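The structure under discussion appears below in the form of structure tokens.
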Amino acid sequence: MNPIVKTFQYGNHTVTLETGVMARQATAAVMASMDDTSVFVSVVGKKAAVEGQDFFPLTVNYQERTYAAGKIPGGFFKREGRPSEGETLTARLIDRPIRPLFPSAFKNEVQVIATVVSVNPEVNPDMITMIATSAALAISGLPFNGPIGAARVGFINDQFVLNPSNTELEESRLDLVVSGTKDAVLMVESEADRLSEETMLQAVVYGHDQQQVVINAINEFAAEVATPAWDWTAPVVNAELKARVADKAATRLSDAYQITEKMARYDEVGSIKNDVVASLLAEDETLDERELRGMLSSLEKHVVRGRIIAGHPRIDGREKDMVRALDVRTGVLPRTHGSSLFTRGETQALVTATLGTQRDAQIIDSIMGEKKDHFLLHYNFPPYCVGETGFVGSPKRREIGHGKLAKRGIAAVMPSVEEFPYTVRVVSEITESNGSSSMASVCGTSLALMDAGVPIKASVAGIAMGLVKEGDDFVVLSDILGDEDHLGDMDFKVAGTDDGITALQMDIKIEGITKEIMQIALNQAKGARKHILSVMDDAIGTHRDDISQFAPRIHTMKINSDKIKDVIGKGGAVIRALTEETGTTIEIEDDGTIKIAATEGAAAKEAIRRIEEITADVEVGRIYTGKVMRIVDFGAFVSVIGAKEGLVHISQIAQERVEKVSDHLQMGQEVQVKVLEIDRQGRIRLSMKEAVADQNPATVQDEQPQG
């Protein structure tokens, strides 16, 4: 074993890349570390593609091992299971910048497996994993047009910070990940606190500039490893056949793309393709149908892009900067806590907001530590939304990714738990889709939260931008359709308020996207966003003054922390009885803050009254109404407040002599008692006869013996 090691400084971090020791049967493998966070990445590529396969089967698996943090997994089996949401999102983060760097004709299966094997709680594994993946692909010999770099950018005290620690991120107004090659940005994923377009663009440029250190280091690493390149060349395109396909289909496809209704257009395009394939096969039976259909797809892309570059109206008849027709409705579901129906052209989202208590918060236990999430956003993309049948089950990677993007867009305007002590769950059901459903979810979420009475800081809208670039000519498109996303060169999603950007996601399929093009896209997106916000504000300009009658109302009270044990009771008996008998949910914090959630005001008031009673201090000399809890030979134990009991001695039951306690008292009987004394051990001495004397002094005086 001859290890090859490359060490370099990346901002404040030391990065080490190593190969040649582990997984030597894989196509390539790299162990990478960044300040005690280590990840092992393997790459395996198949030497031959499956015959007839028309897609690139790239799979990225990212897995966090609990041993990396010195932990043992929970659960019965005590081993890692299916990928968590965080692992799925990181896998997508790795996949997005590397996928466009493989040749479009390359169809061999490639699998990337990244395993986190050691973790420093201050250094998130995602950046070093992206760097390690880039290094592994660079030394694999695969036809990969990399390497790529990766950088996380923070914004603290109006200064950009490279790869901030997790502690620094808590103070940052920006969490932006940018990845690209030496000359081009390929991918951006970010969450921001209403920052300007200029600041966001500067952050992207800053991150791309800083990661050049990584790209140079990987190039040096790959040169030292010196793996021979694969003997792979792209298949030769049959130019004569391509011309025949274009001759038969180009004009018809151009006409079909003037049909503005999606399903009618799809039917016509499908019919044209079938006709052309049948015609060519009739002329020559030796032709390959799959090859013909591939050529038709390429022609379709060329036709649509050519129309856009030439300045013709877009597929649905719009100009380049027009937003589709909007329809905004709130309160569409009677029993949900908040709801909205947001429609933009042929994209529609039914969004609901549900309020719960802090007990409903999601506990996220990862190798980076445990945390609670009080804002949940789930995105569902059923097959019927695109007029198809399909499997319905657990969320796919795309649904998890789109839900996270929508959540990023809203997070900056959500109130803190102190301001609004609820757990909020939003569900976006995509009921129709023709592009930009994640941004429709952002708009629908903002509306549903306002309908639910959640005091968000401002309305949020999202817009998806596209790009078609041919040579030096380019057109930036606002509010792209699904076809424009598929046939274009860039998917650029921006969410924000009137004041600034809250989320930015960018996936670029080609090189040569300049800073100027990104600036145009951001400014065009700003105009579209403000237009959508104005329509949304006409429907509901601010949050409702009150929450839904069906939502739990949370009442907060404070008790002395010494009294917490009294409210909980032995083995939780007191608080369990309180919740069951009042129909409320009660949460107690360590500082004595009690939150009572109830859908009915009377139930909450009763719970508050009983807690106040339980936590009240017993006062010497005060008369209480108590209940006989136990009878003994020398007296009776009577509850004074809640679970607090005191002793009424047999001599304090009545003015006359009492021979037998049970002759005067019964279990459960309510009696008036006066507190005579509380000793050092907290024992309470009570008197029934003193209570009677205090309440009826004249009568008692008459009954006193005369001397």
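Easy rule for this one: first residue shown is 1, then count along the chain.
Each Cβ is built from the backbone N, Cα and C atoms, and glycine gets one as well.
Look at Swiss-Prot and you will find ASP485, ASP491 tagged as Mg(2+) binding site, backed by sequence analysis. Secondary structure at ASP491 (Mg(2+) binding site), taken from DSSP and collapsed to helix, strand or coil, is strand. Under 8 Å, Cβ to Cβ, and six or more positions away along its own chain, ASP491 (Mg(2+) binding site) finds ALA464, MET465, GLY466, ILE480, ASP485, GLN505, MET506, ASP507.
What Swiss-Prot lists as domain 'KH' is 552-611, and the listing cites sequence analysis.
Annotation source Swiss-Prot lists domain 'S1 motif' at 621-689. Note on the domain 'S1 motif' (621-689): DSSP counts are 8 helix, 36 strand, 25 coil.
ASP485 (Mg(2+) binding site) is surrounded by 17 other CB atoms, counting those within 10 A of its CB over all protein chains shown. Assigned with DSSP, the residues of the domain 'KH' (552-611) fall into helix, strand and coil as follows: 32 helix, 16 strand, 12 coil.
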